[in-house]
Amino acid sequence: MYASREDIGYDFGDDSKVGSKPVKPNPNIDGGWAWMIVLSSFLVHILIMGSQMALGILNMEWLEEFNQSRGLTAWVSSLSMGITLIVGPFIGLFISMCGCRTTAIIGGILNALGWILSAYASSVHYLFLTFGVTAGIGSGMVYLPAVVMVGQYFQKRRALAQGLSTTGTGFGAFLMTALLKHLCTEFGWRNAMFIQGAISLNLCVCGALMRPLSPKDLLEKYVVRSDSEEKQAKALSHSTETIKSNGVLSEEPEKKEEAANEEVLGSVQHIEIGGKSGSGRSMYGLRILKTVSQLTVTVRKGFALWYSSYFGAASLFTNRVFVAFIIWALFAYSSFVIPFIHLPEIVKQYNLSRQDNVFPLTSIIAIVHIFGKVVLGIISDLPCISTWNVFLMANFTLVTCILTLPLVQTYVGLAVVCALIGFSSGYFSLMPVVTEDLVGTKHLANAYGIIICANGISALFGPPFAGWIYDITQKYDFSFYIAGLLYMVGIVFLLIQPCIQKKQPREKSTEEAQV
């Protein structure tokens, strides 16, 4: 069990026993407040991922302001995007102890603070700290809870719900590109960042909407899970059974720890009740002791669950398909990020600024990206379609576009390639669904935290690498070629591991027959 009481849920033990009892479906699962969670996640994607996709506008302003190399200046954007995703596993610890709602509200304040402080930057290195680190950590504290909460509230229409919520990235990229361009033109880039910081405070409102599900609600979600989804989850990851069967996930040590904790808290309550006739100061001291004891229990339990998920004997890394998924994530995200950061410069080199000002290429990616997420989500929810196969096909299309982009030097050709990049990158809406199918709902927070951490490493080094290659060759061509080839390596890992998983049972049966 890897999730908190408040937001992630419990390990309910044997599903067959639970399923034998008739349980009334909860209206908040796949409906009701679940759509408010989708709205909250949608706004989070607009304010965080959308604004990060529009950083190419600010990147050009920073190049003119500080007169530094493209490789060094690109570190500002890549730090912000990379740290947002890299902190995922550590944000999982916050979620285990504080819950998604509290974590998201704190992150919203920190993100806004990073934008506002960056308005007073005196150098690129100052932006590394304020925008890259501070705003990046704040973004990560909001982004992971927004994804996890959608996964908890939806079961039958998970892919569609994730698709709708993550379309905020496309809407945000389109809106924030126009907004930042307008603000920079009218008020300058410093005032633009200050205004954006004020807008980012709305992340706190989004966090407040993330109402946690009760353990009873989560129990009902497991009951209504369909047999077809169970079969699909088993087909995707045979090794998940190994994780569930190991001793770390057993309930007995956890129950013993809970019993001990309840005994300690019970003794405090007994003393408190028995000492009502005592002085008010003694009662106040007992209440403080009780609060500290409860906080200590929560922190210890949250850290134990978080630690066991990553470093325990039954950690998520024992799932070989999930490990291949991580390797893919290490190479994939940079191929999507590099065009957003460097396309404005490429357009300028090709003397296409006039056409791009009418309709920016990054806006084309953003708009088509919206439709890609929704369409791929709807297709994946069809009973006869495998989410895994849709995910792989979209990846093949995207890597082909990345390798083709340097060969096109006309606006129309670039627009077509950018549209294909936008549509195929809609597979991002399927990532939480694929992750949940691999590891289960209970482990989604920590597992998805690992995946976005790998994506963050990719985003961290991708844009600076592209800028560094440009400083050497005075071309962006080799940057796209190398990024595309590395991306292809990650896809090959995704193709190999499921085949190995399917062959293993056959090999074992052959050995038993020989014996």
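Backbone N, Cα and C define each Cβ position, glycine as well.
These come from TrEMBL:
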- 237-248: compositional bias 'Polar residues' (COMPBIAS)
- 37-502: domain 'Major facilitator superfamily (MFS) profile' (DOMAIN)
- 235-262: region 'Disordered' (REGION)
- 33-55: transmembrane segment (TRANSMEM)
- 75-95: transmembrane segment (TRANSMEM)
- 102-120: transmembrane segment (TRANSMEM)
- 126-148: transmembrane segment (TRANSMEM)
- 321-341: transmembrane segment (TRANSMEM)
- 361-379: transmembrane segment (TRANSMEM)
- 386-405: transmembrane segment (TRANSMEM)
- 411-434: transmembrane segment (TRANSMEM)
- 446-466: transmembrane segment (TRANSMEM)
- 478-496: transmembrane segment (TRANSMEM)
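The stretches the transmembrane segment (446-466) and the transmembrane segment (321-341) meet in space: the count of Cβ pairs below 8 angstroms, excluding pairs fewer than 6 apart in sequence, reaches at least three.
For the transmembrane segment (478-496), the partner stretch with the highest count of Cβ pairs under 8 angstroms, out of 126-148, 321-341, 386-405, 411-434, is 321-341. When Cβ-Cβ distances under 8 Å to the transmembrane segment (102-120) are tallied for each of 33-55, 75-95, 126-148, 386-405, 411-434, the top count falls to 126-148. Pairs of Cβ atoms less than 8 Å apart link the transmembrane segment (75-95) most often to 126-148, out of 33-55, 126-148, 386-405, 411-434.
Listed as Cβ neighbours of the transmembrane segment (386-405) (distance under 8 Å, sequence separation of 6 or more from its ends, same chain) are residues 159, 232, 236, 328, 332, 335-336, 339, 372, 376, 379-380, 414, 417, 420-421, 423-427, 430-431, 433-434, 437, 480-481, 483-485, 487-488, 491, 494-495, 498. If you average pLDDT over the domain 'Major facilitator superfamily (MFS) profile' (37-502) in this model, you get 78.
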